[in-house]
Amino acid sequence: MLVDRRKAAVFGAALVLRLLLWVLFPSLPDLLTGRVEVSTPVNSFKRLQEGLFMYTRNVSPYDGGVFHQAPLLLPIFALLPNAREYPLPTAIFYSMVDLANANALVTISDSGQALSGRLHSALRKHVRYDGVAVAAWFLFNPFTIATCLSRSTNVFTTCGILYAISNAGSGNSVNAMLALGFASYLSIYPALLFIPLVLLCYDRRVQKTKASSNAAVFSVQYFGILLGSVAGLLGISCLIVADFWQFISATYGFQLLVPDLTPNVGLWWYFFIEMFDSFREFFLGVFWLHLACYVGGLTIRLRRQPLFVLTALLGIFAIFKPYPSISDASLYFAFLPLYRHLFPLMRYTFFTVSALLYATLLGPAFYHLWIYAGSGNANFFYAITLVWSLGLSILLADTVFAALREEWEQDNPELRGKDIRQV
Amino acid sequence: MLVPTRNLRSNPHLLFVRLPYLLSFLCIVVGVIWLLLLPLNEYSRRTYISENALLPGQVHAYFSGSEQNIFRGYKKELGGLLVGGAGGNDGEDGSRGERGNGKVQSILRAAGLKVATQNYEYTSAGIRHQGQNTYAIINAPRGDATEAIVLVAAWKTADGELNINGITLALTLARYFKRWSLWSKDIIFLITPDSKSGAQAWIDAYHDMHPPSVQPLPLKSGALQGALVVEYPFDHRFESLHVVYDGVNGQLPNLDLFNTAVSIAGGQMGIGAVLQEMWDHDDSYEARLETILRGMVKQGFGYATGAHSSFMPYHVDAITLQTKGEGWQDEMALGRTVESLCRSLNNLLEHLHQSFFFYLLMQSNRFVSIGTYLPSAMLIAGNFTIMAIALWMRTGYYAGSSSPSTSAGAPAEEKKETTQKGSDASGVMERQLALPLTFVVGLHLLGLLPLYIFNNLSHQYFSSAVYTCIIADILLPLTLAALLTHHSPSTPSTPANTIPQHYLLIKSFSFLLLGLFLSTLATLNFSLSFMIGLLCAPLTFTNRTTSTSVLRYIFSTIGLVILNVLSPPVVLVGGCWYAGVSVESVLTQAAFGWDVWGMWTQVVVWCVWWPAWVTGCALLGSSMF
């Protein structure tokens, strides 16, 4: 019972903290909603409000070109009272989503897939955080809190991804695929997680039944389930919006073709602003290919640890996806404490943390200089987004290094603790 | 070159303990010297007009002759109203303001302008500030009301004098400008009761950012391109123009605006321009340095130096022209200067953006730009980061003894052996981060408490609050030190003679944050970052001492006394004593700045400087327990 009480304390404290922030600083959510670091065109709460306004007045929400989010969010938010007049129900709703996400993290941590899977067993199993600590890490991360307060719809994608992984970790493969379908339906990129996720499901199945079925057949079956769930959600969407193709081009087309170059913490906007239009299609292809190509490489190299592949991919999405925000980074950070046993092998933690802290402080300062004070320019802010991405890349590279190093130590027990040098 | 490097590698004490102190010290020294070099000709530049459209002084200013009679007439009308209330108290002040505003409105209306008023009220530190702004707009005959220039005259100047000539001049110019057909931007004449709050209320309302106690504006124009404030508070003729340019939070107007003003006053009108109250600037090194330092102090404190300061946060470049000295320039010369400046601004094709926004002026025609001066503040901020990194590495890789047993002359092989042993014994240590993180983050959050108190207290309690704060600042670090020493996690592996890991980690995190904040701040407000950095510099060299007991007590007591002299409230009291102003008035002004101007100097003091200072004191104090 003791563990449960701890969990209740952490969850309760997180909920109280969020509601307190909401009550004590009523202007904070609106401030965060307007920040480019938190709200992107594809997850902004303001745009959702706009879509909602049109939806409740029987106009197609995609008219006007402001709303680019999945239509299923509209009926859900139409049930909530108006966020402007009664902010509290929305606040409670978002806080609950955060708690649900944390709960999924507890399940992932308790499944122990980070420490030992079918093909892999960590060396330093005793160095670990328990599920509640992992959840606390997620819930009290300032980035998560900022995302929650800004009411970014990214939390639903996060929710889908987390439940997909937690279900995969505990062996409910069908549920995992349904959750991934939900996340992919909201914002396409989670579909890239399919391969490592299905491998995780497969490993769990083999572990449980002790009989190895054919991996390819298994994957195809579950790919079918994923497709079915996405198709189902699209079908329901058809009932909500009249013009199916308008919906597709306003949401998925918007996410794939990146027409809105509002600044964000990612690397795409500046690049595509500077680019000559004739090269745009080519580089769109290159950027997407770049994002997608990590899936294959990481999955093959780290076949033994599918959960780690998922973690690394989430980090890559946080850096390289077209409209990243700090909520993507917070999702990646949420997975890191699962790999507490790799921390002793990481080499640049202090540098990474410093770089991320610098970027966190300098980003808003330079944005202020650029937009409000008028004394800076776009390059100021872009430089800081580069630092931010650099910090995340180093963190990512460092964790991947640590994971590889651990695998290597497993394979070569006699070389444990020796320095390695790249030749 | 190779030998010292090898020595460094084989002597971890030198690498991890001595070298960072040396580097930090160098950073601070170089940072200060860098600043001292700036006034030299080699490092500064002459000012120049970057925006060609401004064409300063290229037009003939026609404001003269018969306009002078109108000026005298207006002055007589206004003066007649003010005779009764010349030396009056606040009550009379209010009625005088009302009568004055009524007259101003009727004059502006008679000149054919659209006139409107705005009431406002602010409450800060238990004091109510209220008044009524009057403003009038000339619609541009050649424009489309999308852009405007503001001409401000306040009844009370920034120094609290009655600005009778300034107001009259603004009215005369309004009548005069109205008859010209060449304006392509609207011209707004704003008459405010004082230089502190009136312009702020108006500009807030102009951008619909006003608090509920301020009325919205009934009449508006386009985007503001620039603002000029005119002050002429005495009856005799003046000698030179004092150009004031500092904005709230150290923001500065575009250098082009300042240059235009200087070049029109000096070149076209033959009026000398001075800045930063340097009345006799002989262009020597000392005078230049003093000008820079005065500018830095004003920028660092971040308060509004005049009615123009309120415009800066909205990206409206603004300056104040003050008449100074006894000479032979009359109000017509000032009027022609303002006319010529308005003509220049009228020429602008786009918002002022060409020239510098970050600069330090050392003479009306010499400046240094951000690229040249920023490294000095960055070096000082960098010293803390260097220390933070060094302490972090020291906790991880080098548990080390404090006795440098290996002397430089010893054979290399022996040294290698000792390091081998050392690294085997300590290896990579696990760090215990929970206590240091909680300590540092907790202190930063605790800084919100004095911030809240000093911004919300009524003004009569300020001096007692400061003295309470000084006493609390003596006691708090010692309490924290005692707690740290008695309730710290046991680290069995460290020898008795070394500093336990968590002290080093606390200092490391505290300095990481300090370096972080100061370098961010350096991009926003260079001077504040530089000043806080210098005041925090002694903290780099304080730590828990490990010498023998008697010396330890002496050293730490002396150190604590020195640090307490550098604590935020003591520095405030000392600064007030040096400047000859009362602590209460400074803090009232600061609270007013927080409430009305949106000044955030206090946040830096209480949430950046103060936590770092308490941490330093607590670490030093811990050697006593």
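Glycine is treated like the rest: Cβ placed from N, Cα and C.
Unlike curated records, TrEMBL annotations are generated automatically.
Features as listed in TrEMBL:
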{"type": "TRANSMEM", "residues": "B:20-40", "note": "transmembrane segment"}
{"type": "TRANSMEM", "residues": "B:370-393", "note": "transmembrane segment"}
{"type": "REGION", "residues": "B:404-425", "note": "region 'Disordered'"}
{"type": "TRANSMEM", "residues": "B:433-454", "note": "transmembrane segment"}
{"type": "TRANSMEM", "residues": "B:466-488", "note": "transmembrane segment"}
{"type": "TRANSMEM", "residues": "B:508-541", "note": "transmembrane segment"}
{"type": "TRANSMEM", "residues": "B:553-580", "note": "transmembrane segment"}
{"type": "TRANSMEM", "residues": "B:600-621", "note": "transmembrane segment"}
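It is B:508-541 that, among the stretches B:20-40, B:433-454, B:508-541, B:553-580, forms the most Cβ pairs under 8 Å with the transmembrane segment (B:600-621).
Beyond the ends of the transmembrane segment (B:466-488), by six or more residues, the same chain brings 435, 439, 450, 500, 502-503, 506, 560, 564, 567-570, 572-573, 583, 587, 613-614, 617-622, 624-625 to within a C-beta distance below 8 angstroms of the stretch. Sequence-distant contacts of the transmembrane segment (B:370-393), counting only residues of its own chain at least 6 positions beyond either end whose CB sits under 8 Å from a CB of the stretch, comprise 16, 19-21, 23-25, 27-28, 30-32, 34-35, 38, 43-44, 356, 358-360, 504-505, 507-512, 514-516, 518-519, 521-523, 526, 529-530, 533-534, 536-537, 540. Take the transmembrane segment (B:553-580) and the stretches B:20-40, B:433-454, B:508-541: counting Cβ pairs under 8 Å, B:508-541 has the most. Same-chain residues lying 6+ beyond the ends of the transmembrane segment (B:20-40) with a Cβ under 8 Å from its Cβ atoms: 285, 288-289, 292, 360, 362, 368, 372-373, 375-380, 382-384, 386-387, 389-391, 530, 533-534, 537, 540-541.
Listed by sequence, the residues of this chain that lie at least six past the ends of the transmembrane segment (B:433-454) yet keep a Cβ under 8 A from its Cβ atoms are 462, 465, 469, 480, 484, 488-489, 502, 505-506, 508-510, 513, 587, 590-591, 602-603, 606-608, 610-611, 614-615. Outside the transmembrane segment (B:508-541) by six or more residues, the chain places 21, 24-25, 28, 31-32, 35, 249-250, 295-297, 299-302, 358, 360, 370, 373-374, 376-378, 380-385, 387-389, 391-392, 395, 436-437, 440, 443-444, 562-563, 566, 571, 601, 604-605, 608-609, 611-613, 615-616 with a CB less than 8 A from a CB of the stretch.
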